[in-house]
Structure formats: C-alpha cells, structure tokens
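Worksheet: the structure to be examined is printed underneath.
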Amino acid sequence: MRGDGRLSHDLDPRDQGPKDACGVFGVWAPGEEVAKLTFFGLYALQHRGQESAGIAVSDGSKILVFKDMGLVSQVFDESSLGALTGHIAVGHTRYSTTGASTWENAQPVFRATGHGSLALGHNGNLVNTAELAELAAALPAGRGPRHRVAATNDTDLVTVLLAGQTDAETGRPLTVEEAAPRVLPQIKGAYTFVFMDENTLYAARDPHGIRPLVLGRLERGWVVASETSALDIVGASVVREVEPGELIAVDEGGLRSTRFAEAKPRGCAFEYVYLARPDTDIAGRNVYLSRVEMGRRLAAEAPAEADLVIATPESGTPAAVGYAEASGIPYGSGLVKNSYVGRTFIQPSQTIRQLGIRLKLNPLKEVIRGKRLVVVDDSIVRGNTQRALVRMLREAGAAEVHVRISSPPIKWPCFLGIDFATRAELIANGLSVEEIGTSLGADSLAYISLDGMIEATTIPKANLCRACFDGDYPIELPDPALLGKDVLEQRDGHPLPLLTGPGAADALRRP
Ligand code: 5GP
Ligand code: MG
C-alpha cells in the first residue's frame with residue numbers, strides 16, 4: 001500500500017523507483033491487421049509504462065477499446081486482438097503521473113462526441129489540470145455533465161474538452177479536427193497525444209516537444225509512436241519527428257499537418273539518460289551513442305583506480321561500456337539481471353521485501369571477488385539502488401566499490417511526465433556528493449557534469465529540458481498545491497487538491 005491506501009504493484013512498495021513516462025502508438029493502415037501492429041508497437045514501448053495497456057480500433061463506423069491493468073503480454077491474447085478489427089488503431093502503455101493506478105484511468109480513454117466518438121492516449125503530464133477542469137465544467141449545458149463522468153486523470157479531461165466544443169454562434173458540435181486546434185493551445189505541460197475518431201488518426205505534440213513522438217510510413221499506411229524503436233518493430237520507416245506544436249491528421253484524404261503553436265523545443269534530457277530505449281533516435285540523435293559518450297566523458301571527468309568496470313544492468317550498460325573504453329579499464333559483467341522480475345501483482349511480505357534488489361540482480365561472485373570495481377549507473381534518485389548494490393558487491397568479495405553516475409545529481413522533481421520523488425526524497429537535495437557517497441557506503445562517488453551530459457547528447461543545451469538537474473523548468477508552474485498527482489481525485493464530485501501527499505504536490509514548498 002502507499003501512504004494514501006492504494007495498492008502498489010512494485011516489488012517493494014515502500015521503495016518505489018521513479019516512474020517512467022508512458023508509451024503511445026497509432027496506426028492508419030487499411031488492409032493491415034492494425035490491432036496486431038499496435039500490439040507489437042506497444043511491446044517495443046513496454047519500458048515506458050507497465051501499469052496498464054490498451055488498444056482502440058476503428059473500422060470506420062465504430063470504435064472498440066480493450067484495456068486492462070498489467071503488461072502488454074498480460075492484457076492481450078490472440079482472441080482479444082482478433083476481435084479488434086478495423087483500419088485505424090491507437091495504443092497506450094501507462095505509468096501514472098496524474099490519477100491513480102486503476103482500471104478507470106487506463107488508456108486509451110474513450111468518449112462520445114457530437115459526431116461519433118473519440119479514443120485518446122497520452123504520454124506526459126499536464127500542469128494546468130485544475131484550469132482544464134474549470135474549462136470542462138464551463139462547456140455548454142447539456143453536454144457538460146455527460147462529459148464530466150469519472151475523470152480523475154488529466155488525459156480524460158482532454159477528451160472532455162475535445163468532445164465538447166461547439167460553434168459559438170450556432171451551437172453546432174465541432175468535429176475533433178475542428179476542436180483540436182482550439183483545445184490544444186489551452187493545454188499546458190508535456191504531452192504527446194495519439195487519438196482518433198471513426199475515420200481519422202490524429203497526433204499532437206506540445207510546443208516544447210518535451211516527450212518524443214515520431215512519424216513513420218508503412219507500405220500501405222502511416223504510423224506514429226513515442227519512439228523509433230516502435231516503428232522498427234512493425235517495419236515502418238522513420239519519416240520525421242512530429243514537430244513541437246504540430247497536429248497531424250491521417251485518413252483516406254492523406255496526411256494533413258497544421259501548427260497550433262510556435263515550436264520552442266525543450267526535449268527531456270532524461271530520455272537520453274534513462275527513459276528511452278537505446279535503439280531509439282530522438283531529434284536525430286541515437287540514445288545508445290549518447291549514453292556511451294556520457295560514459296566516456298564521465299571517465300575523463302571522474303577517473304578511478306580500478307580493475308574492472310561493471311554496469312548496473314540494463315540501463316547503466318551503455319555508459320559503463322563508454323567508461324571502460326575511455327579509461328582503459330576492462331569491462332565485465334558483474335551482475336546478472338533477472339529480466340522476468342518486473343512488476344508483480346504479488347504483495348510482498350516483510351521477508352520478501354528485505355530481499356530488495358536481490359529479486360532483480362545477482363552478483364557474479366567469481367568475477368567480483370578481490371576486485372576494485374567501478375560500478376556505473378545512469379542515475380541516482382533516492383539512492384536505494386546503489387546503496388543496496390554496494391553492500392551486495394562487498395558481500396560478494398569486492399575489494400573496493402567506486403560508483404560513477406552518467407547523469408548529474410537529480411535535485412528537482414519533474415512535473416512533466418516522470419513521477420520523481422518530492423524534493424525531500426531526492427538524495428541529492430541537501431547532501432553533497434561526498435555525503436551521498438558516504439550514505440551509499442561507496443569508496444568513492446562521482447557524477448558526470450551537466451555540460452558533459454548535455455554535450456554527449458549533441459543537442460544544444462537551450463533545446464533540452466534539464467529541470468530535474470538544474471531547476472530551470474521550461475513551463476511556468478502554477479501553485480504547487482494544484483500540481484499533485486491526485487489533483488483530480490474527486491470528493492463529493494468536486495476536485496480535491498491535495499496540499500500534501502504523494503508525488504510532487506508539495507515539492508516546491510518543502511526544504
Ligand atoms: P534510486 O534507487 O536511486 O531511487 O533510483 C535510481 C535507479 O532507478 C537507477 O538504477 C535508474 O536506472 C532507475 N531509474 C531512473 N529513473 C527511473 C524511472 O523514471 N523509472 C524507473 N522505474 N527507474 C528509474
Ligand atoms: Mg537502473
């Protein structure tokens with residue numbers, strides 16, 4: 001259970017890691033099995049969210065949605081996919097940033113419009129949810145109540161707004177394509193939306209392009225996805241990024257692109273550090289190469305006297321490869337990861353909880369014994385992973401453990417799609433690097449510099465969001481009390497802003 005009484009599905013609920021962004025996928029392809037293409041696209045995006053998965057399909061006259069809690073492979077099987085027939089599909093893998101982890105909040109979300117219906121998936125997190133809730137409440141009478149049902153996540157509010165727009169003079173309901181350019185500029189925060197009505201696939205990306213979104217081409221259709229790795233898996237060629245501030249529509253009339261806001265690119269730097277798959281390209285830069293280069297620069301900035309470089313698998317591996325290469329210290333496998341232990345619906349007992357990191361990682365004692373180790377990981381958030389790891393490596397006989405981190409200290413919460421801890425929970429907030437090293441029990445600890453990390457991405461600093469490292473948020477944040485994950489949980493039908501609580505609700509007011 002979390003402090004708020006909801007069940008958590010982490011192995012150790014008290015030790016929740018930070019949460020990833022979600023994954024979105026959309027396809028328009030007459031004659032193809034679009035549900036199966038979406039299934040495999042979501043497979044390639046599973047790392048972006050493991051709480052729930054869903055697919056919506058349209059055959060031109062109706063939209064069907066199938067979604068459930070769990071991994072893509074747990075939610076879908078041959079028969080459910082077989083029932084989802086049509087030529088347009090959108091899919092989603094979810095990690096909650098706003099709204100509880102419940103079935104009602106799984107995506108794609110579905111809603112009736114004045115012309116038919118709408119299904120939508122969202123990656124990111126909105127920062128003016130309270131304002132959007134007011135806009136939704138102010139929709140013309142007669143349409144409002146029907147559209148206000150059970151929205152406890154920011155995504156559902158967006159569908160309420162898209163579905164409920166009317167022509168000011170005639171009162172005629174607007175189509176989704178007419179409503180989108182009106183609604184999107186009112187939304188603040190990080191978003192990539194993939195949505196559809198019965199006939200058209202849409203994709204939109206926020207003006208800062210904080211989360212990634214790419215456009216791909218199939219022989220007989222179009223694909224949009226959070227990452228290029230999801231285009232690769234379905235055999236689509238990469239056409240280009242969906243531009244920040246761009247709305248794309250695809251139907252039998254072809255592909256239409258419109259701009260609803262000026263592009264001010266501030267892509268999330270943490271995508272390059274941890275979130276995205278290594279085989280993905282973002283803004284034309286490959287993620288694996290960025291991580292290897294971070295490792296090389298880390299080795300130059302923070303050398304260590306050691307016998308062996310090992311990675312904290314999997315996400316620390318490319319940086320460890322770069323560190324070894326640049327330092328000349330041999331690279332080896334020191335830890336074996338059990339890939340099949342991820343999220344589980346088994347509630348851990350106290351005894352199992354104490355196993356902690358052992359459930360996921362097992363040291364290779366024969367490799368480690370007697371060695372001075374450099375252990376490379378991509379990031380430290382609360383410090384739990386490295387603290388447990390240092391102890392485990394010492395027990396396995398390591399002579400020295402030098403921890404090297406391929407991103408700078410994380411000092412600020414993310415309001416834009418990663419559910420990082422509150423400021424008070426971030427170990428780098430308030431402790432010096434040396435103090436953190438002591439708290440981890442490491443012989444030494446060093447992080448890459450901010451500029452070193454950014455140069456490794458090859459993206460200009462001004463075009464990246466580095467807020468979790470330097471507090472420079474690309475978007476003006478409203479009252480922190482209105483930013484919490486549970487801002488839309490209802491009491492007596494009214495939004496209930498949490499003044500304290502989980503997520504980042506009170507982050508800016510805490511020490
Ligand atoms: P810590 O144990 O310090 O709280 O978290 C750091 C570890 O979590 C690192 O090993 C890193 O690879 C991983 N990590 C970093 N960011 C995220 C994230 O957004 N989601 C998840 N699930 N893990 C993350
Ligand atoms: Mg990790």
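First residue shown is number 1, and so on along the chain.
Cβ coordinates come from backbone N, Cα and C, glycine included.
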**Request:** Determine which of Ser315, Ser439, Ser444, Ser449 appears in TrEMBL for the same Mg(2+) site as Asp377, Asp378.
**Result:** Ser315
**Request:** For the recorded [4Fe-4S] cluster site formed by Cys268, Cys414, Cys465, Cys468, name the remaining residues of the chain with Cβ within 8 Å of the site's Cβ center, in chain order.
**Result:** Ile210, Ala269, Phe270, Leu416, Gly417, Ile418, Arg466, Ala467
**Item:** Sequence-ordered binding-site residues from Cys268, Cys414, Cys465, Cys468 with Cβ under 6 Å of an atom of ligand 1
**Value:** none
**Asked** Per DSSP, to which secondary structure element type does Cys22 (active site, nucleophile) belong, with helix, strand and coil as the options?
**Response** coil
**Request:** With the Cβ under 6 Å from ligand 2 as the test, give me the qualifying entries from the recorded positions Cys22, Cys268, Ser315, Cys414, Cys465, Cys468.
**Result:** Ser315
**Request:** Could you state the whole-number distance in Å separating the C-alpha atoms of Cys22 (active site, nucleophile) and Cys268 ([4Fe-4S] cluster binding site)?
**Result:** 14
**Message:** Let me check the 10 A CB neighbour count of Cys22 (active site, nucleophile). How many other CB atoms are there?
**Reply:** 27
